[in-house]
Amino acid sequence: MSESPTATSFADFKLNKQLLNAVAEAGFEHPTPVQEQTIPLLLAGHDVLGIAQTGTGKTAAFGLPLLMKVKYAQGIHPRALILAPTRELAMQLETHLKRLAIYTDLRIFAIYGGLGPKTQIETIAKGVDILIATPGRLLELYLKGDLVLKELKTLVLDEADKMMDMGFMPQIRRILEVIPSKRQNVLFSATMPDKVATLSEEFLEFPVRVEVTPSATSAQTVSQTLYRVPNLLTKINLLDYLLLDWDTFHRVMIFCRTKEHADNVASFLTRKVVGEARAIHGNKGQNVRINAMEAFRNGELRFLVATDVAARGIDVPQVSHVINFDVPLVYDDYVHRIGRTGRAAHTGAAITFANDAEMYHMERIAELIHQEIPELPLPPEVKIMPTTFDEQQGMDREVDERRRRQDPDFQGAFHEKKVPLQKDIDKRTGLPYVEGPNRSQKGKKKRPSPGKSQSPAAKAAAKLRGSRRK
Ligand code: AMP
């Protein structure tokens, strides 16, 4: 990285020697923009409202001043609390802060659900200086009397937007009621929806706002492209084609909208493409997720397939590519996803596959990040598969619902060609009832009654899926 004579260095902040050594050891040469702005404010005792996504260096931005303040091990009860929406983020925060605190004697510990609380309670009883917690587990241990919060002097809420999305507001309110009111507060969020604005008003005192816009960060470090892909099976073919290039796609995170897609994509990759892939999502046990993340981090696993919630907080250095197999419906998730590549000092690439219905969301996402996402033509080697009847229906329905929301009088294309419900079928003929006086049913194809057997399209889809499996 080129040195500019005016670039801030970590030595410009009034950090102690232990922290400066740890920063150097972590390989951080210069503070990132969010660190440059946040560290002096927090050291001066302000409350900070930070708008920054994962990958910008926000953890060290609030972590270094926090470590300065808490300084050394003291007493039993935590003096700082960091709340995180998911266990993955809690674990990542713990690892990251421990790395920065390596030359101190500070006791940093994360508690989260999904595991029995026994070991966590034992560790807490031995004494913790900085506690990282998911809201549910924190309240659980507090209400059982295993956790004393009256010594808290600093509270950090990380990924506040995700906490709101996951419905943690009541727990957070409850926590705010039971902790000392005199304290320093920090709130970080990738985006600023109304709910987060409300929360920050309740929670921060005269905060100073620090903003690292997603557009700036994603534009600088992540190249984004888009393929318009007609359907699921063609998406699979495109993925297959791209991942053959082992040198370029050496560590890839693939995001799916649903658990089912994540499982299917992972098993497809394991079968067809060289190397194993694993999926992480809400239905996977804690250990499966931890092991998959670890294998991916240390390079044993080339692909990790994830849903948005499961991927929260995963810190994997040097992900070569993020592939959005599906477009996220929560647009902020796009920003979070692409934040997995191009982290801090590295460049990365994000590639999105979008079908016709999803193109609408890509346009909204481009508006959100103030960026054009260039569309690439499908490579000629990628075989275009027919769209199954069910999938086409799903897409039509999605487009219709959207248009209906915009225009309540809209009848909908899907409405016109919908398959009759069982109750619309004339039991005697097995044909749909035809409306209107003079319309004959002559010449119409007889449809099998849905529910009795699989539709031909569903059969074709199942057959195609089966043939890919061989
Ligand atoms: P975060 O946004 O806190 O999740 O950090 C994203 C990644 O950037 C982590 O892998 C950090 O280790 C790394 N990082 C944080 N600060 C810097 C820095 N100043 N220089 C280089 N890498 C950094």
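Even glycines carry a Cβ here, placed using N, Cα and C.
TrEMBL: automatically predicted annotations, no manual curation.
Matching 8-36, 211-239 against TrEMBL, the residues noted as motif 'Q motif' span 8-36.
When the motif 'Q motif' (8-36) is classified with DSSP, helix, strand and coil residues number 16 helix, 0 strand, 13 coil. For the domain 'Helicase C-terminal' (238-384), the DSSP counts in helix, strand and coil order read 57 helix, 27 strand, 63 coil. Per-residue pLDDT, averaged along the motif 'Q motif' (8-36), amounts to 91 for this model.
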